[in-house]
Amino acid sequence: MALNLRKTHPLLKIVNDSLIDLPTPSNISAWWNFGSLLGICLITQIITGLLLAMHYTADTSLAFTSVAHMCRNVQFGWLIRHLHANGASFFFICIYLHIGRGFYYGSYLNKETWNIGVILLLTLMATAFVGYVLPWGQMSFWGATVITNLFSAIPYVGQTLVEWLWGGFSVDNPTLTPLFALHFLLPFVIAGLTLVHLTFLHETGSNNPLGIPSDCDKIPFQPYYSIKDLLGFVLMLTPLIAMALFAPNFLGDPENFTPANPLVTPPHIKPEWYFLFAYAILRSIPNKLGGVLALAASVLVLFLIPLLHITKQRSMTFRPLSQMLFWTLVADLLILTWVGSQPVEHPFIIIGQLASLAYFTIILVLFPIVSALENKMLNL
């Protein structure tokens, strides 16, 4: 009898091995849903982004007007725009939860998968930043000015680099056009990296909440986890659509309703909420170069996590001390996010500095110490 086409066809075989007959641990929890949710976020963002790009004009004199035109005159343009803007927020919620799950359950020991994942995060952050500039509102313009200007802190080449990025002596048309090109290109880079991420993941197979090998207890992905993922899609897309319909500007900045004006600086320049933790770390160091290095370190520190793993157990499931430290880190990140949205004045300055210090101390110092202590207590 002829074998199933999905098992023999060169292309369908790849799909089959990734989504249908994939052997999956039988005990992975809802925390493992965020990978597929990120995939749905990416597809949603590419589709809505493509529809927006058809009506957008990458020119300083027309960008703001073209976005307004989209919301007023294009069929469901307002909905597409708000799905795209809020979709970015959901993308970051999912990626932060996905990283948190990887950190908690020791998934970072699949080093290639983890490192590609960190590169994916950096690419996503770059994409979101350049996308935020495109509507050419006040916060778009000044956000672009402030963040690109950070490159001037690089010794010797900094100022030249900034002028090259700007295409002149300030953020203007030669800055906007390349940023639009980048914003169009980067999601496809993310899609390519996602395939690499999955390729490395399928080399080792998924981790599980116990952090032990699950080769003896695997079940096929279809139908068990495909239906579970479907539930995840519904639970994510429902609040996204509700937000786009009922509170589309809840996470946006009111300054962006004003067209960009180089002569008027907004009272508080701040990025979107998903960058606030890094922005707070940047602001907590009074020196410009030091701040830029701390900003970079706040994300690049993720590359070090596999090297700092000294515990004999993979997962934190049975390590209460590490669990306490993990949730302290989560609370610290929430404090940083809140501080980043506040003006630079007392007491927010000192709170931000203490929270930034705590962030690096927990990851680089306390986790290894506590891991060694747990090894000792358990005689491992």
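Even glycines carry a Cβ here, placed using N, Cα and C.
Per Swiss-Prot, the features are as follows:
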type	residues	note
TRANSMEM	34-54	transmembrane segment
TRANSMEM	78-99	transmembrane segment
BINDING	His84, His183	heme b b562 binding site
BINDING	His98, His197	heme b b566 binding site
TRANSMEM	114-134	transmembrane segment
TRANSMEM	179-199	transmembrane segment
BINDING	His202	ubiquinone binding site
TRANSMEM	227-247	transmembrane segment
TRANSMEM	289-309	transmembrane segment
TRANSMEM	321-341	transmembrane segment
TRANSMEM	348-368	transmembrane segment
Cα proximity to His98 (heme b b566 binding site), best match among binding-site residues His84, His183, His202: His202
Chain residues outside the transmembrane segment (321-341) and at least six past its termini with a C-beta under 8 angstroms from it: 100, 103-104, 270-271, 273, 275-281, 283, 311, 348, 351-352, 355-356, 358-359, 362-363, 366-367, 370-371, 373-374
For the transmembrane segment (348-368), sequence-distant contacts whose Cβ falls under 8 Å of one of its Cβ atoms, 6 or more beyond its ends: 280-281, 283-285, 294, 297-298, 301, 304-305, 308, 310, 322, 325, 328-329, 332-333, 335-336, 339-340, 342
Cα distance (Å, whole number) from His197 (heme b b566 binding site) to His84 (heme b b562 binding site): 24
For the transmembrane segment (227-247), distant same-chain residues with Cβ under 8 A (at least six beyond the ends): 30, 33-34, 36-37, 40-41, 44, 79, 82-83, 86-87, 90, 94
Neighbouring C-beta atoms (10 Å sphere around the C-beta of His84 (heme b b562 binding site)): 20
Rounded to the nearest Å - Cα separation of His183 (heme b b562 binding site) and His197 (heme b b566 binding site): 21
Contact set, same chain, for the transmembrane segment (78-99): CB under 8 Å, 6 or more residues outside the stretch: 31, 34-35, 37-38, 41-42, 44-45, 48-49, 51-52, 67, 70-72, 117, 120-121, 124, 128, 131, 236, 239-241, 243-245, 248, 251-252, 272-274, 302
The transmembrane segment (34-54) in contact with the transmembrane segment (179-199), cutoff 8 A, at least 3 CB pairs, sep 6+: yes
The one of His98, His183, His197, His202 whose CB sees the fewest other CB atoms within 10 Å, among these binding-site residues: His202
